[in-house]
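Working notes, structure below.
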Amino acid sequence: VMQRCDFESRINNTTHHTDQNGLDRLIVRRGLPFTITLHLKSGSQFQAGVSTFRLIVETGPLPKEQSGTKSTFSLTDSTSKTAWSASITSPPGNVVSLSVSSPPDVPIGLYSLTLDQGQKVKLGEFVLLFNPWCAKDAVYMEEERDRQEYVLSQAGLIYKGTTKRIKASPWTFGQFEAGMLDICLKLLDENPKYSLDVDADCSGRRNPVYVTRVISAMINSNDDKGVLVGNWSGDYDDGVRPSHWTDSVAILHQWADNCCQRVRYGQCWVFAAVACTVSRALGIPCRVVTNFGSAHDTNSNLMIEFLYDEDGNDISDDSVWNFHVDPTPQEKSEGVFCCGPVPLKAIKEGELTLKYDAPFVFAEVNADVVEYMKLTNGRMVKMRGSSMDVGHFISTKAVGSDERHDITHLYKYPEGSLQEREVYERAKHHHELQQKGEEPGLKVKIKVSPDMDIGADFDVFAVVTNNTEADKTCRVMFYARIVSYDGKPGANCGFIEDLTMEVPTGKEKRLPLRLEYVDYGDTITSDRLIQLVLIIIESSPREFHKAKRTIVLENPDIAIKLLGEPRVNQKLSAQISLQNPLPEPLQNCFFSVMGAGLTDGRILIQNVGTVGPKQEAKYTVEFTPTSTGSRTLTVDFDSDKLSNIKGYLNIEIKE
């Protein structure tokens, strides 16, 4: 007769790489045995071959043997690799140690374990996760350093900016912070498929592809009780500005603590970072990847068509985002707003018949760009055509370091290479674009100044080179406008209109355009992006040339300095400072500080009031690290005129 059961969570969680979730309850990974101990009442003895019992594991509200959500099994001499099994690992006596093993392809989730000796006794509950350490699990990763980064690391970097100026932004994934695992399991139970057919949904959780599709659908709230509302409008008054977030923990807590009400607001990197947190929490290796020059192809023809009127105004539907971080579900997939998963190989080889959303994702990294000018008489004139605008510097944080890892080669063959063009043709994409090198004609480009800091005034230059035998007379339109990262244009902040320029044969002409803080300061978004557009119209023969370039203004750095020796469970202080780069005061200045294993799952917020021009905002923050090892402290600075400033410091916490 049993007195009590010990799930040995301290030993098991450590063996199963789930100890960062805590040691107070059993959390194990599939395909790897775990130990439980049965304490029998004094006088009772367990004797192999004489005493018999069965164990029952069940998950979900409708557990069934045929769905893989229930299993009843007796003791065997050794544990099985293909079915639930248990064997005794202790000598006869009143303490019985059992080794329980799950197959590597059973559904993940919350399980109950029951002892059946004719009378059923529930022993307790445990959580079963995917297992990247198990070679038979579909999520297996060979290298330990990859598993450390893509499953166990709670901090990361997300890349933003433009191809010419890639900026790393820190993010706390926090998948092991208090409450996170339960919220991630709740997210699975809140998905619409669960209420439509709970048996099929719980059974489907054996398959990481199914689970990632559920995660993608549930991260956005277009058509379910999902986590985040996407907003690219610039108006965020009734919620949190997307660029303000620095961690997934606050977002997931807010969603779960408010009866699954949608959290306002997210943009692409927020969706991706939260999806990464949920994936890592459930044991699916995951990384956040940024694609620079990401095409949003509205009519699925794998071509991005830009249309301008004669004044140079953009009148097109398609867009190229300055950067984009998957998985942001922007279009419906099989009737639901979710995106992927798509095998990388399918994207690289142009195999677009595969599920899920391959054409949309292929276009994001490969679409060709064609530009037309619509003349006042309605005629369409083609401007320069290029396939070099989309899918550059596909970036993710390197394994085990803060370097940027360029993984473009995994998504596409080298731009302009024979294989890349062949793949492109295979993707049913036959239109003739003349590849022009240093041919005779006018060369048109935009050059920029080296120091383009937010708050400063600076010049950008239109450069026209005449490689023809004749002198040229041209009409110049050169303008600058605010743009958000998804390519949406904002207010103009500088322009030269209808200027006539003479360019002698064989010569280069430069025309400066001065951008001043008084013109861009009020309308620039927290993305700090300005798009420059140069249109040159040759008078004879009448030809149209265009150059376009997006610049990102440099933000000030946040300095973080530790005061004292970082030790676990001992108070630690850090001094945080930032200099106001603007020629006017910043009002309502806040620092927000967060770190997994550092700030006890909370965001520490300090209001530092008003900071004058070139003055410093300062904050000394105190926190108590709760776990050893490498941890990351992330800092966000926010104010009325300057926001989305991030800083971080990696801290090694000693015993």
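Cβ atoms are placed via backbone N, Cα and C, with glycine included.
What TrEMBL lists as domain 'Transglutaminase-like' is 260-329. Annotation source TrEMBL lists active site at CYS268, HIS324, ASP326. Taken from TrEMBL, the feature Ca(2+) binding site covers ASN366, ASP368, GLU415, GLU420.
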Neighbouring C-beta atoms (10 Å sphere around the C-beta of GLU420 (Ca(2+) binding site)): 16
Averaged pLDDT score, the domain 'Transglutaminase-like' (260-329): 80
Rounded Cα-Cα span from ASN366 (Ca(2+) binding site) to HIS324 (active site), Å: 13
Distance from GLU420 (Ca(2+) binding site) back to CYS268 (active site), taken between C-alpha atoms, in Å: 27
Protein Cβ atoms within 10 Å of CYS268 (active site), excluding its own: 26
Neighbour tally for HIS324 (active site), based on other Cβ positions within 10 Å of its Cβ: 26
Fewest-neighbour residue among binding-site residues, criterion Cβ within 10 Å, set ASN366, GLU415: GLU415
